[in-house]
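Taken from TrEMBL as is:
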{"type": "DOMAIN", "residues": "53-107", "note": "domain 'P-type ATPase N-terminal'"}
{"type": "BINDING", "residues": "432, 433, 434, 561, 608, 631, 665, 746, 747, 748, 847, 853, 876, 877", "note": "ATP binding site"}
{"type": "BINDING", "residues": "432, 434, 873, 877", "note": "Mg(2+) binding site"}
{"type": "ACT_SITE", "residues": "432", "note": "active site, 4-aspartylphosphate intermediate"}
{"type": "DOMAIN", "residues": "899-1150", "note": "domain 'P-type ATPase C-terminal'"}
């Protein structure tokens, strides 16, 4: 900031800072601290210990922050415990141990090697991810801070070395290393400006003020601060808590006690702005800081499919135990009844396998063998295969150019690959607002002055809605709608749609009637002059000369004010200077005349608050006239108009409704002329109320403000566009058409959130807003039970309104603020609140803290049982992102905290559309099909072992070679299933976006429900039975070669294994919709590789292989035609039921993607565009939010027929 402005600026009279007093919730502390003024936390500034030597010095946590999951010492124990906490891994651990005993039916490598690969891969992945978190923590903990030392100077220390009670110096644009109590700033009156984007998402600066009357010497920006050497004081304050907006305590200094409030608290991770430096004392460090108190522990996230997969594994374990018991019982009966006659086994001599004198013990020993033998029912390689597939899927997401932001150069990043398929099952999206939906930029777009609307440029919402209406009409009758129906909102004076953005930041206004001093020719030029002056004077902003460009910019408490000042400048009324008691404006009152500086004396400023919803400034112009300029919410201003001040009320109201429909933020402007005596009498009473210390001080000030802000004259209204990120309305519309619900959780005030709701079409005209709000008076005065009863009454009334709605298309929006939400989230009320929320079309939660965001997400997740997605861009969104089933971080301007805590990161909100509807849909279908196929192929193999056991007296003998079993999952069938999981597509990306309702296959879990799972398991049982029965009948007992040779156990085993390889690979070929060269090579390559393995393995010396495998393919099976005949016959017979099923389904009961595939194959998107467009419109979920709902509402108002929603062959749902 320019030095001259800094020297002159004293803000004391410009703000009415409220002391917030709430009863703190104290934690139990040592008895020595409980007696101190009612505040349990005692901090001694510049004192190493408590003066009373009989007391122990207080112990506070360090400023070191860690977000890692493991430490160097507990990584292996915890990580191994988590791995073997999986029932399948634990089973294979026990089985691997038993392979070293005599009970094992095969050698140890067949169990130990796969287990080591699976667990080792998972441990390496966990270690890598935790190391990333560790390095991020080190970056934060090693930042530098200037800490006061005893000699009066400042020493540079790392953040982690900062302690409670230290005095810290923070310079402009630096972050606060801990929670500080502001002692002094570079401004004479102790004011400072803080940016809290990382905490509450708000971009406007917050005003903080140091304690007055501390009698500290003037602050100087140097390396010495000698006046702090003897500064000995004691702070008694509340214990650490998560509330960002409250702080209570006292500071004892020089025998005086100074009350503390949130105006003095500087929070960690917020940034100092527009203030050269501040001095503050550390009150909370590390995990005690409010930002860390608002963080939630990172839960272990697992997808719904993975949880369902665990149930299937339990089912297979049940089957494993069942057939093992059958096998053990059969063996026990054989020992008792049959083996006595098998003289060649010498049954009289007890052996390791059986004892004819104790068939029960023989059966129990065989049970252990059977549990190991049939273990192939449980696919251990499934885990590592899924891990590999998900990593490759994540690489495809990261490399998707459609998810790459060219402006910032930031691609999408799948930070964890565990939840890829969960992207395709999202039911509710819970989104931050500032920086996530918006660009943190306001543009002055339209205005209404003296009832006349100005501004020709359409808003983004209008352009998007017009495009949607045109597409709707085109799909309905094949021609564009009447241009006149769109002209009012999309066409400029020359008849062309103007989409070019304004080159002036904050000003997108376009209307020659007001620009270039043409307003002087308007019939109400005097009213227009007053309108411009209100814009230039009624604010609390500060002009600042940019150090880079030398241009004058504005730092305002709200982005709206910044846009108003830019607009005033462009209209010829440039605000250039502010002093303690005046503002200076350059006014251009004639076209060919240089601007004239006019100074307005500021007498009183009545600040804007969320309760008042208005701001007023009382001033004296250069002619001596007393005026009051007022701006605020239209309903507030209209209620305060004088009877003769409503000349333009009707026309202005109509314009405001149009602006609201266009998604614009509106404010009404008014003024009032004052008499000297009227003002002096009022000011005396107002001043007396200001200096009073009674409990009713705030009420008196509010009453006096309300008294003065009466009898206003309406001037006009403003309409600014809270610039949404590019493509946000279209993205929300597409997500809504895909059937997703969208909630907005923001730290902004209610009015701002509602305006954004209109901008992005979560709200629209005609939608009834259900506002659950408790007044500040009730919260301050009423008992908790009374407040809760009031909230419950509002929830009940709102629910009755929804149940009793008379119009079929009536839509409701729920809006609730943070203080009310605190009560609504309590155990006895939260499910009633949730029931109301899920019955509303959209939900907006305002003024919520980071912890409340996380609690809302948890409530939706646990209360509905559906998949939730949290998306945000700031540190205030970290809790929400961690709590949601899927966390999405936006790589925005608010730092990287949200990205670091997220599961996926994208550059802008609009990329969420493709991430979910395309990649989410693909990953869900791929993983679902892959897991089902995996179980199918393992059942196909494992049950042939059981059939062979049953035929051979449950002897525990395996007819497959050990190496065949080892290579089956690890090598022979792994590549095709990996290719299926990575490359499979039922429809292309373009079709996914054009037919968004297809996404509902994921949330409805149509491809991984028990019907489909049981179908695949039954298919495996059928295939295994056919494979075994056909091969055993072809190769035994007759000879299988013309020379008369009969097949031994290993010949039958190799032939049967060959059939399995063919059957499972042809099956994966049939279920693949998108066959690339990679998939074809892996499928047919696996079959070729199998023959090569059998051939090469048979060439090895007998000491390296089973004796009967030697030269088996070239000499035994190769010359036998029955070997090839059995393979072909079994392959056809096993896959024939699937062919019949899929053919019938496509012809008579097609699924959604089947219809789209047929349409694409018949080229309907080219040959019949009208039909194609009609099907696109039909293939959407009926929605009450988004541009499509807005268009439908407009068409109903015009008497047109709305779109007809259909499910596009949704019979499967």
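Glycine too: its Cβ is placed from the backbone N, Cα and C atoms.
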Spatial separation of residue 873 (Mg(2+) binding site) from residue 432 (ATP binding site) - C-alpha basis, Å: 8
Local confidence of the prediction over the domain 'P-type ATPase N-terminal' (53-107), expressed as mean pLDDT: 76
Residue 873 (Mg(2+) binding site) and residue 665 (ATP binding site), Cα-Cα, nearest whole angstrom: 23
Residue 873 (Mg(2+) binding site) versus binding-site residues 434, 608, 747, 847 - nearest by Cα: 434
Surrounding CB atoms that lie within 10 Å of the CB of residue 432 (ATP binding site), all protein chains: 31
Those binding-site residues listed as 434, 876, and which of them has the most Cβ atoms within 10 Å of its own Cβ: 876
Residue 847 (ATP binding site) to residue 877 (Mg(2+) binding site) - Cα separation in whole Å: 13
C-alpha spacing of residue 877 (Mg(2+) binding site) relative to residue 434 (ATP binding site), in angstrom: 11
